[in-house]
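**Q** Residues or ranges marked as domain 'Purple acid phosphatase N-terminal' by TrEMBL: 85-179. The annotation domain 'Calcineurin-like phosphoesterase' is assigned in TrEMBL to 283-509. The domain 'Purple acid phosphatase C-terminal' feature in TrEMBL is assigned to 541-603. What TrEMBL lists as signal peptide is 1-21.
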Amino acid sequence: MRASTASALLSALATVQLGEAAPRAPVKRDVDTRFPYTGPDVPVGDWVDPTVNGNGKGFPRLVEAPAVKPSSSKPKNNINVISVAYIPNGVTIHYQTPFGLAEQPCVHWGSSATTLDKKAAGETTTYDRTPPCSEVAVTQCSQFYHNVQIENLKPGQTYYYSIPAANGTTASQTLSFKTAHEAGNQKPFSIAVLNDMGYTNARGTHKHLAQEASEGLAFAWHGGDISYADDWYSGILPCVEDWPVCYNGSDTRLPGGPPYPPEYLNHPIPKGEEANQGGPWGGDMSVLYESNWDLWQQWMNKITMKIPYMVLPGNHEAACAEFDGGNNTLTAYLNDDKANSSAPESALTYYSCPPSQRNFTTYQHRFRMPGAESGGVGNFWYSFDYGLAHFVAIDGETDFPFSPEYPFVRDTDGKGLPAANETYSTDSGPFGAITGNWTDNESYEQWNWLKNDLANVDKTKTPWIIAMSHRPMYSSEVSSYQEDLRNAFEDLLIDAGVDMYLAGHIHWYERLWPLTKDGKVDKASVVDKDTYTTNPGVSLTHIINGMAGNIESHSTLGSDEKELKITNVLDQEHYGFSKLTFHSAKKLTWQFIRGVDGAVGDELTLVKKSS
């Protein structure tokens, strides 16, 4: 967002953050610029060639084809990303360009590929990204985000559309989408579920997901940690024992060590580099935050142009950086513009990141979920129906008590806006109103929305209710955020008869036994190891699906850690995604699809408990 906009809305920000009386309508949360950004104009994660277009030793320049092939070799503008998302009785066509269109965005559409006789117009958003597209290759950069909604469509039908040329862009080819089945439709359908992707280690996931998209998946649902843009700085940090995510040439390695995948070994590697998590040439990440977003989205065009792609936020969408590395190199760079230096202690604050890389700004622009249409908020929390199922996206990063991405009110315990040194880089939200004490569930707009949304599910039409947030409530890898999530949402989900809670964040595949509110295994719901029955009001099936593949590699239990009794299946080795198939009102199956070969690595059958 532009600084002037942030200043104008700061009074509204203070009202929401401090828990004073506020309206129930969604409150816009903008970027706070009270304190100046003091880092480099464009932070670049490469000391060898710190320019926006150059990667140094070990950092090949990533190139991904745009959604629309330009009509000239030196285009002035282009359509680089196209994706589709559901709204009730229709879709949003989202597309991205480096520069504006000089007119209202639109699409031509119709029920036949040869007769696009209808036109829908939409709106454009933008923000002052770092660096701007004027400094980056046109076909590798997006800065203007266009959303066109097509409404009042027939359910379960295929429609065709084309995006016309405007202000130098090349018109798209004729594309298609299929609308959602209406609530209550009994036809079986399958969806893909994935978390924690990015580029690195995700090529098998990408390959088999694209194949499934071509073979009839209804849609994909990505539960956060999308592009791993905030790992741009891994190339300038030394590896340290407690966080070996680096590819700087001095100590690059995959957590866990060899053997390395063949594609990391069968290519020439620059002198001094090792085969590593970054890719065969030593760097399968861009060294620019924004470019990682651009390139990941363009890589995903093969999927997002075929099926609707629904997303929700994860921790890697929050800001430009989550933490510093050894010697506090990032603190020195972002706070003081000192390259290849160090600082006495880590001092990353909310203001360490460029304004365009704070507070989920990029995530808010690059997608368009049905928050408004479902009474939720933007891309953060929303719901939608498809056939026999009601899907609920929950924001597990902000907008509930003790959320992991702090609102300012938590920094000061409600005693005013914080000073710069009282903040942290990932401070974010709230994106909805807080109408009382910030420590109470009932004060949060998201909590009240979720309670109301679940209370209004028509189970005669959508007997299955599937909820997802980025972070798990339980796992053999125990963390304090899990208790905070349970305290905020577990009672609502179980009391409403939600069937499954899906999550990621932990970079492995873990299927738990059905669990009650006190975290105990509901043995009455266990038919056998791979078959559960639902038990509304008593227990819930939890699955952690955080293994799509990313530069941070797999999570693993330490040598002194053991699986908990709540864990049924744990895979710390394979990457991939999951396929959820709704067979009928009484039965669904969940399959873990391994990226390495497309084989089924785990399968669960969930059966509706007889009334």
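Keep in mind that glycine also has a Cβ here, set from the backbone N, Cα and C atoms.
Heads up, TrEMBL stuff is auto-annotated, nobody curated it.
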**Q** Sort the residues of the domain 'Purple acid phosphatase C-terminal' (541-603) into helix, strand and coil with DSSP and give the three counts.
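**A** For the domain 'Purple acid phosphatase C-terminal' (541-603), the helix, strand and coil counts are 0 helix, 29 strand, 34 coil.
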**Q** Tell me, roughly as an integer, the mean pLDDT over the domain 'Purple acid phosphatase N-terminal' (85-179).
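**A** 97, rounded to a whole number.
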**Q** Quick one: DSSP breakdown of the domain 'Purple acid phosphatase N-terminal' (85-179) into helix, strand and coil?
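**A** Result for the domain 'Purple acid phosphatase N-terminal' (85-179), in helix, strand, coil order: 6 helix, 42 strand, 47 coil.
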